[in-house]
Amino acid sequence: MSGIQIIGMGHAVPSVCVTNTDLKKVMETSEEWIRTRTGICERRFCGEGESLVTLAVRASEEAIASSGVRKEKICLVITATVTPDYQVPSTSCLVQEKLGLPSGIPAFDLNAACSGFVYGLSLVQALLPENGFALLIGAEQLSRMLDFSDRSTAVLFGDGAAAAVLQKKAGVVFYSHLAADGNRNALWAASAPANRLPAWKNAAPQEEEETAGGEPEDTGKYKIHMDGRAVFRFAVRALSEELRELEKQSGIPAEEIDQIVCHQANQRILDYVRKERGLPEEKFYRNLDRYGNTSGASIPLALYDLWSAGNLEPGTRIFCIGFGAGLTWAGACLTF
Ligand code: ACO
């Protein structure tokens, strides 16, 4: 049996730090409400000269350097993101160009929202040849989507990126499980500017455009809709189920796993499942106090923190669990 293993990691945290108190200046909220309801204290937003691609490139450069792998050896690039700079070319193709990665290898983006990085691990396992090396990136610039007149969503999200170089090796244990339920897509939805109208409507001159009954209004802005309480209920259930699924597949009880790295959406979601299972606080890694919810970047950013702090000794076993819009959820068991 062959499995993928992380052999290098990198990250890129944008320059602008926005605290809960900063948000209080632009909307009716309080530092205390945000901290106690979510666990978030601050988040990072891209500033001048920063974009999704610049973050992805920085994270990838560090990951490749820390892996010691020559970039000519990378044979697959995948980026998990819901906020690419361009619909085409993909973020992965742009990273391939900017880092001079080999031509002719597969490179593409995937959208599975906050489960994206875990979906990506599973794809790397499926696509990478024995002994091959892949670059897997999780990157988001969610600040671009935020509507600061909606305090129930604007306080939750942040920007960031992290990347991993993976190698497929004989004898490495890797398990994964992917899931989605499109029937519940309306619980969390972000519509892109001008993407929701029929093509001919987009092409029509401005003065002739009108919003007919039942058609979505095109404001030229992203719109986030989230039913927070329903998403909360979904998230605790998905996290619990995925934990049980990984225990079943790997044969490792959660009590014996070294770390559980979950999507960093809300401290209360993590606490709920931790208490339900009677697991110790230190088993659930968290950094959402510093970064907020960074969707596809949140799990690799957490892995990067553990990696750079020297907490991923050879043999360390980790469950990664993502859940998010779609709805999607996914789990993976990694061995370091
Ligand atoms: N500041 C102050 N008050 C606020 C704010 C704010 N930023 N936002 C909402 N409120 C108010 C509401 O207006 C409401 O006031 P009311 O009682 O007078 O009507 C009150 O706070 C309670 O609102 P709720 O929405 O019930 O608050 P809740 O405790 O559910 O917390 C939250 C909201 C944090 C969004 C929570 O539901 C949650 O975390 N849900 C899960 C969201 C999530 O994890 N999403 C991401 C996962 S999917 C993904 O990452 C793509």
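In case you wondered, yes, glycine gets a Cβ from its N, Cα and C as well.
Some features that TrEMBL has for this protein:
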DOMAIN    108-182  domain 'Beta-ketoacyl-[acyl-carrier-protein] synthase III N-terminal'
ACT_SITE  Cys114  active site
DOMAIN    249-335  domain 'Beta-ketoacyl-[acyl-carrier-protein] synthase III C-terminal'
ACT_SITE  His263  active site
REGION    264-268  region 'ACP-binding'
ACT_SITE  Asn293  active site
Ask   = In whole Å, how far is His263 (active site) from Asn293 (active site) when you measure between their Cα atoms?
value = 8
Chain-internal residues, separated by at least six, CB under 8 A from Cys114 (active site) = His263, Ala265, Asn293, Ser295, Gly296, Ser298, Gly322, Phe323, Gly324, Ala325, Thr328
Query = How would DSSP class Asn293 (active site) in three states?
reply = strand
Inquiry  = Treating G and I as helix alongside H, and B as strand alongside E, what does DSSP give for the region 'ACP-binding' (264-268) in helix, strand and coil?
reply    = 2 helix, 0 strand, 3 coil
Query = Just checking, which of His263, Asn293 (active-site residues) has the fewest C-beta atoms within 10 Å of its C-beta?
reply = Asn293
Inquiry  = For Cys114 (active site), which of the three DSSP-derived states applies: helix, strand, or coil?
reply    = helix
